[in-house]
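Enquirer: One structure coming up, written as structure tokens, with questions to follow.
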Amino acid sequence: MVAATMRGRFAPSPTGRMHLGNVRSALLGWLQARAAGGAFLLRIEDLDRARCRPQFLQDLYEDLRWLGLDWDETPLIQSERDGVYREAQEKLEREGLIYPCFCTRAEIARAASAPHGLSDEGPRYPGTCAHLTAGQVSERARTRAPAYRFRAREGEVRFVDELMGPYAQDVQALVGDFVVRRNDGVASYQLAVVVDDAASRITHVLRGDDLLPSTPRQLQLYAALGLPAPAFLHVPLVMGEDGKRLAKRDGAFALAELRARGRPPEHVLGLLAAWSGLGDGSPVTLPALVARYRTDVLPREPVVAREALLLDALGLR
Ligand code: GLU
């Protein structure tokens, strides 16, 4: 039997300049794929049009190229793929797995973006609109466009994360029926990510562990759509010294900033390697990291990015 080629991906949202935490996820996904002789794809998750900017997308391409993180195939751009998401939604609809929801919860507005952990998501949806009659639906639709929700199955979804080990979540008990399309017509992150990873035949998803709690929902969608699910590897995030995850507002850690200060890519790679159990902070090249990459050395705890160490590693003081 010929082993199928590994296909990994990086799926950023161009909502700000990439910081070293984002870049580390990109690097690890790239290393995982390249070390296995596999393909590495890029996908632009720009469904939340209000938060995405063309300039951030240009910076993102430049950041990746500057580091040498190349990608195969033309990137999928989510804002151009609504037809594909609609087809998936229609399939779910034919099987009675989704329903229109007329509630006005903030969580519906946020559904186009990937949630950064369960705490971002608000309370469980109690199923208010789960059993409306056809009459109630048409009456409500006169005054308000509906969002659509997937009927989350009951019981635990279990899977084994390639770094974090076994993970179980009862989606219905914890999250409830979740949004697959917002009431302004935009597909949700949860639906788009599944449809696109399947369309790109992604075999391995490596991403930050803020998305670990989203994975059981995605597994339910894979099953409902009859699509094969990839393997998942979630890496604990890089935190600032204040204990909060690095955010696009933390300018000191923006890659574009470090590029502008004339730091060579090998210095940045050295620091990212040190945050990943793959080096001691000294400058390193991509080929050396490909040779060194192993999953079992990746940290299972959040890494703290200390500004002083950053400055040392980058020779900035
Ligand atoms: N676009 C998401 C983010 O930037 C990542 C989605 C994913 O990797 O599944 O947080």
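Each Cβ is built from the backbone N, Cα and C atoms, and glycine gets one as well.
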Enquirer: Looking at TrEMBL, Arg9, Phe10, Ala11, Pro12, Ser13, Glu45, Tyr189 are annotated for L-glutamate. Which of Arg65, Arg158, Arg207 sits in that same site?
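Expert: Looking through Arg65, Arg158, Arg207, the residue TrEMBL assigns to the L-glutamate site is Arg207.
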Enquirer: Between 55-59, 125-129, 245-249, which stretch does TrEMBL give the note motif ''KMSKS' region'?
Expert: 245-249
Enquirer: Around ligand 1, within a Cβ distance of under 6 Å, which of the binding-site residues Ala11, Cys103, Tyr189, Arg207 show up?
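Expert: The binding-site residues passing the 6 Å Cβ test are Ala11, Arg207.
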Enquirer: Compute all pairwise C-alpha distances among Arg9, Phe10, Ala11, Pro12, Ser13, Glu45, Tyr189, Arg207, the residues listed as binding L-glutamate, and give the largest one in whole angstrom.
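Expert: Greatest Cα-Cα span of the listed binding residues: 16 Å.
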Enquirer: Long-range neighbours only, meaning 6 or more apart in sequence with Cβ under 8 Å: which ones does Cys129 (Zn(2+) binding site) have?
Expert: Tyr99, Pro100, Cys101, Phe102, Cys103, Pro146, Arg149
Enquirer: Look at the binding-site residues Arg9, Arg207 and tell me which residue has the greatest number of other C-beta atoms within 10 angstroms of its C-beta.
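Expert: Most Cβ neighbours within 10 Å: Arg9.
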